[in-house]
Amino acid sequence: MAGRADLLTEALRGDEGLLQLARGLALSERFHFYLLVCDTPRVASAALDVLAEEVAAEREEPVRLVRLDPYRAHAELDRPIPFELLAEQVLARLASPAPDERAADVIFVVDASRALPHDDEGWSQLFQRLNEQRNGIARALEGPLVLVVPGRLEAAFAHAAPDFWSIRSLAVVVGAPPSVGPEPVKQPEERWERLVEDTAEQAWGTAEIEAEIEAARARLAEAPEDESALSSLIVWLDRQAEHEMERGTLDRALQAAEESLLLERRRAERNPERVERLRDLSGSLINVGDVHLARGNLERALAAYDEGLSLVRRLLAPDPARPERLHDLSVVLDREGDVHRARGDLERALTAYEESLALVRRLLALDPARPEWLRDLSVNLNNIGAAHGARGDLERALTAYEESLALRQRLLALDPERPDRLRDLSTILNSVGDVHLARGDLERALTAYEESLALRRRLLALDPERPDWLWALAASVNRMGNVHRARGDLERALTAYEESLALVRRLLALDPERPDWLRHLSISLNSAGDVYRVRGDLEQALTAYEESLSLRRRLLALDPDRPEWQYGLAVSLSRQATCAEASGRPAEALSFWQAALNTLDDLTRRPAPLEAWNTAAATCRAAISRLEELLQLPEGGRGDPPPA
């Protein structure tokens, strides 16, 4: 038992949210309220151990956690915990702490982590009383207060205690790392842990979230002006949007995110000067923008991000050095840069990325080892590298990528089994490999791609049905195909491309209209078609190219002015032209080359056109010139099959 508990505590030491909470607690010189959401009591206990150690280290002096756990006085698991017991064990202690608990080194913790569903009514009553007595509690406590709840009770708290909810300084969600599995139940006292773990495992499904949303909607319909009912519905809608994004169902994610945004606007209109309302509104705008970006709707994404950026700058103006405001600004600038890059406006993308980068470096000057800021820096550098790479500046791209790679390796060393850090490292390895491939350094490209692929297979083994990890694996496998093809190993290239195709088709069965998956399918089809063509199997090549071209036209219909999709269409048309020419159909090839050039001409007339667009246009012109000359020759010299 102790060994497993130590392992969990050690695994949580690198949790970015938990470390952020520890720093907030360390800086709290008076009453501040924090919310800690934990899957199970075991995770909560380990998280509190980490908090105590980290806060003491930050303050360079001991701290005392006064943990109010009413379940120490409630042994009847099969019966709901009475409200009277909660009031005695929690409310009375907060309203009138002992003399030695009125000290700056004391952190009060209300621990609801062992709450079972049949206890929810009692906790909701307690939350209402806390809301009513919040001002007295704030005066009674000299230091911060942390409420620890399972995810199920987070929305209940927002509903029952809206005023308390609104003054939270930070809310953090901490789950058990995948590397630390559940303990076997060996002792009677462990029954509680297993009951709560079973409840937690059932609490995050689609049906459960929808049921909570409907219940919250009903409460709001009965009392449209009830701030607590509004808060509860927003919490559950945000959770649904996140859940649907993970599942890859973007239409449902957008519906939830937009409803949440509508409700946040309503709250902000009621309280236009409350800072926390404006910050929540900016967060909802970013969430909506993220879904639009994933769906490929760049204009709507940019509109949401622009509004969010305006709010964040407004919040920063009264306190320009406040770290969380600087961080918020950095995040939304990164999102703006992503949209500009997708639109082909690399100068504006770089401007946004570089402002974001400067903000993160400024934050790291305050705390050079803070993991979440180190990760933000790695993201900035990755984005800057991508923008330089799109401009054809491979040296500057590689410099940015290698700094980002070093940061992500450093972060993973803190917690070698953490999935998000494994994913981050795999992403930057692919970016490094892309530059090496573009420079013709095939061995270094292969080394980077193989390491990334191994990480992504390792991730997928944790959750074989998770859409974003399936998509990441498909991207890595496709890159392996590219480097094998460049090395002349067509069999291994084709094997990789076919695996990538199978993965993306599996994803599209979940959401047949998702633009990034449609684009990836088109890329993989073109890649497989290239191998078939080189091997002389022109029929199979043509089949692949035709399906790819159909997908490109479908994407372009969604957003006819998106440069990335215009260029993709030109690439597919060029593939069709090459295949037609190889099949001895020069007139058909000429029409495809001309269509490709028409698309590229629109791109090259844009301000600051990419070098790739100019190069592709020059290739089209050369092919058109050659074929026009060929088609002026007598019939027997055209390259068509001779008459029988």
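If you go along the chain as it appears here, the first residue is 1 and each next one adds 1.
Glycine is treated like the rest: Cβ placed from N, Cα and C.
Curation does not apply to TrEMBL; its annotations are automatic.
Below 8 angstroms of C-beta separation, residues 14, 330, 334, 337-338, 341, 346, 349-350, 353-354, 356-357, 360, 371, 421, 424-425, 427-429, 431-432, 434-435, 438-439, 610-612 of the same chain, each at least six residues beyond the ends of the repeat 'TPR' (378-411), sit close to that stretch. Taken from TrEMBL, the feature repeat 'TPR' covers 378-411 (among others).
TrEMBL lists 426-459 (among others) with the feature repeat 'TPR'. Per-residue pLDDT, averaged across the repeat 'TPR' (426-459), gives 97.
Beyond its flanks by at least six residues, the repeat 'TPR' (474-507) meets 248, 426, 430, 433-434, 437, 442, 445-446, 449-450, 452-453, 456, 467, 514, 517, 520-521, 523-525, 527-528, 530-532, 534-535 of its own chain at Cβ-Cβ distances under 8 Å. Sequence annotations record features per position, and here TrEMBL assigns repeat 'TPR' to 474-507 (among others).
Within the same chain, residues 296, 474, 478, 481-482, 485, 490, 493-494, 497-498, 500-501, 504, 515, 565, 568-569, 571-573, 575-576, 578-579, 582-583 sit at least 6 positions outside the repeat 'TPR' (522-555) and bring their C-beta atoms closer than 8 Å to a C-beta of that stretch. Annotated repeat 'TPR' per TrEMBL: 522-555 (among others), in sequence order.
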